[in-house]
Protein chains: 2
Amino acid sequence: MKKSDVDYTLYLCTDRDLMRADTVEDAVRQALLGGVTMVQLREKNCSAKEFFETAQRVKKITDQAGVPLIINDRVDIALAVDADGVHVGQSDIPAAEARRLLGPDKIIGVSARTVEQARKAETDGADYLGVGAMFVTGTKQDAKVTSKEELKRIRAAVAIPIVAIGGIKADNVEELKETGIDGVAVVSAVIAAENIASAAEELAGCVKELKEA
Amino acid sequence: MKKSDVDYTLYLCTDRDLMRADTVEDAVRQALLGGVTMVQLREKNCSAKEFFETAQRVKKITDQAGVPLIINDRVDIALAVDADGVHVGQSDIPAAEARRLLGPDKIIGVSARTVEQARKAETDGADYLGVGAMFVTGTKQDAKVTSKEELKRIRAAVAIPIVAIGGIKADNVEELKETGIDGVAVVSAVIAAENIASAAEELAGCVKELKEA
Ligand code: NI
């Protein structure tokens, strides 16, 4: 997958604890049917071995769908399964180190809440930013909410794609119009939905509208 | 550091939560003065960023002492700081993957409790085994105790060096005589000692006696 081909429109982050599907693989398969354009595997509460094995299995599914697989935090697991990239937060392995380990062709995403973090991430070699939390979320109750104004300032400060994250659902995504985002990242709005495929389809439609507006 | 030069006699595993020293670096410095021959950085309760930054600082100290630095579990952090190797447990990234990522020259250690695990680790490219817990330990209250007989069976089953671990102190280390071990790994016996250097020195003396016996 060439980096320039990456479509950030609907970026799914997995969460084993929130999902109704039997396995992460099932959830991802259904989400891809609904039109998810990118998948991040996030496994905070399992062993590194289980994370690695799940990543191996999910990689086959995302490859078949032609959708990039991003690994949260663990650069070694990304390397081991030849994932398309990693996503690092401000407390994870530094983006510059991730770039050194992964080389120029892999996708590196960085979580940023401020213009300063956004600029540093871009300098350190990030390919995209995850900005948020945009809304109060069930997943991270204590996450600070990023204002729409800060999102716009970040958009103006960097050239790389921006994915908004945090509490985004079909009924609030329109609040993000005119912010210049390239896509939205969702966890519970898709992964915890009764019908994952239709939840993804609805959201993908909303985000496309937003981007065209 | 050439692998063949590695001295497994007294292998220190760090534990931020158990130590009296102000910083992991201080504890490691003192332990090296006492004669620790190998250091494993184990940081279960801190962020990957902090683990990476600590590893960078400790690497300078172990390099100066000419002692190998092993990183627990995180192959990416080992790569990022150019550590001498990694140690993986049965729930961590598989040893064969670690070998693939690290190449032939880095040290890979694997925790093994049974002959089967020991043989598999050797086949997968492990350079040494950590076998235990040999005694009930304050660090891992729930860890299963490995019998001296099982340790001897493992010794007979593989050719790679064996480091015994788990609850080992100056007053019980002699129970491990005639097991053919290459060294002992300690956490609290050194890291939680009032005088880290002298605790290390006493233990190193005991293990040398044991190996010569
Ligand atoms: Ni003695």
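Just so you know, glycine gets a Cβ as well, placed from its N, Cα and C.
Whatever TrEMBL says is automated annotation, not expert-curated.
The feature domain 'Thiamine phosphate synthase/TenI' is assigned by TrEMBL to A:10-190.
Annotated 4-amino-2-methyl-5-(diphosphooxymethyl)pyrimidine binding site per TrEMBL: A:Gln40, A:Leu41, A:Arg42, A:Glu43, A:Lys44, A:Asn72, A:Ser111, A:Lys140, in sequence order. Shown in sequence order, A:Thr14, A:Val24, A:Phe51, A:Thr54, A:Ala55, A:Val58, A:Leu69, A:Ile70, A:Ile71, A:Asn72, A:Ala83 are the residues of the chain, 6+ apart in sequence, with a C-beta less than 8 angstroms from the C-beta of A:Leu41 (4-amino-2-methyl-5-(diphosphooxymethyl)pyrimidine binding site).
Taken from TrEMBL, the feature Mg(2+) binding site covers A:Asp73, A:Asp92. Under DSSP, A:Asp73 (Mg(2+) binding site) is assigned to coil, being neither helix nor strand in the three-state scheme. Residue environment of A:Asp73 (Mg(2+) binding site) contains 24 other Cβ atoms, counted within 10 Å of its Cβ in all protein chains.
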Return only the integer: C-alpha distance in Å from A:Asp92 (Mg(2+) binding site) to A:Ser111 (4-amino-2-methyl-5-(diphosphooxymethyl)pyrimidine binding site). 10
Short of 8 angstroms on C-beta distance to chain B, which of the listed binding-site residues (A:Lys44, A:Asn72, A:Asp73, A:Asp92) are there? A:Asp73, A:Asp92
So, in DSSP terms, is A:Ser111 (4-amino-2-methyl-5-(diphosphooxymethyl)pyrimidine binding site) helix, strand, or coil? strand
Find, for the listed binding-site residues A:Arg42, A:Lys44, the residue with the lowest Cβ contact count at a 10 Å cut-off, counting only other Cβ atoms. A:Lys44
Pop the Cα-Cα gap between A:Asp73 (Mg(2+) binding site) and A:Lys44 (4-amino-2-methyl-5-(diphosphooxymethyl)pyrimidine binding site) into the table, whole Å please. 10
Distance from A:Asp73 (Mg(2+) binding site) back to A:Glu43 (4-amino-2-methyl-5-(diphosphooxymethyl)pyrimidine binding site), taken between C-alpha atoms, in Å: 9
